[in-house]
Amino acid sequence: MLPYPQIDPVAIALGPLKVHWYGLMYLIGIGGAWWLAARRLAGFAPEWSREKLSDLVFWVALGVIAGGRLGYVLFYDLPAYLHDPSLILQVWRGGMSFHGGLLGVLLCSWIFARRNGKGFFELMDFIAPLVPIGLGAGRIGNFINAELWGKATDLPWAMIFPSDPQQLPRHPSQLYQFALEGVALFAILWFYSRRPRPTMAVSGLFALCYGIFRFIVEFVRVPDAQLGYLAFGWLTMGQLLCLPMILGGAGMMAWAYRREARLAH
């Protein structure tokens, strides 16, 4: 068993002002994606200024934060937030939904694409390889918060999380997700997108791979207590929300390559 590193959730405290690691990880993720986007901009929209890129980052960040929070409220714990709506604003306590954030990014990207004369899927193919940076940073934030831990196990890398009332050795599922959704997904998309691909193929690969990775990790992750398992004694809300991503991502890639083949003839 590995010891859980005791990290204060507050990264910086200046009097009454407290900066939590969870929020800081979001800033690091957005900043890292911004930096990488600037490096890739010449191949996507050489006519865009850095100010235009900053506008895009703002819209994407808005979609991530607003969509992620509202998605968690709607998908995972609506009764609690209806009982005390002030909890919606307490983002530092955790409670962000990737799938809600994805919907927020899709909406904001659609608005941005229409305003700037870019195709929606063309823009999404540019954004997709940047997303794993934020996902990886967010999972580190979950780990520091000692939340979203996994099921009990006797594996040598199991950890006892301070927030676990049972104090059992558990899968560090946040680190599994960091490795898959952050590191592995970034590597796959980065190398795949280095060559020209059919429009929609990169974003389709993102949806497919994320859906598969998340679906797998959910088997060792403890489901949200207020939801439990939705069906079959194992299906979680996360897995249910990933099924459309897996099917949709595979369909997007198939359609993209078929369309390219038709145009080639």
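Positions of Cβ are set from backbone N, Cα and C atoms, glycine also.
Taken verbatim from Swiss-Prot:
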type: TRANSMEM; residues: 10-30; note: transmembrane segment
type: TRANSMEM; residues: 56-76; note: transmembrane segment
type: TRANSMEM; residues: 87-107; note: transmembrane segment
type: TRANSMEM; residues: 117-137; note: transmembrane segment
type: TRANSMEM; residues: 172-192; note: transmembrane segment
type: TRANSMEM; residues: 200-220; note: transmembrane segment
type: TRANSMEM; residues: 227-247; note: transmembrane segment
Stretch in 56-76, 87-107, 117-137, 227-247 most in contact with the transmembrane segment (172-192), if contact is a CB pair under 8 A: 117-137
Sequence-remote partners of the transmembrane segment (117-137) [C-beta within less than 8 Å, at least six residues beyond its ends]: 25-26, 28-30, 32-33, 36-37, 40, 44-45, 60, 64, 98, 105-106, 109-110, 177-178, 181-183, 185-186, 189-190, 193, 197, 199-203, 205-206, 210
Residues from the same chain, set at least six apart from the ends of the transmembrane segment (10-30), whose C-beta lies under 8 A from its own: 57, 60-61, 64-65, 91-92, 94, 133-138, 140-142, 144-145
Close approaches to the transmembrane segment (227-247) from elsewhere in its chain (Cβ under 8 angstroms; 6 or more beyond its ends): 75-76, 99, 207-208, 210-212, 214-215, 218-219, 221
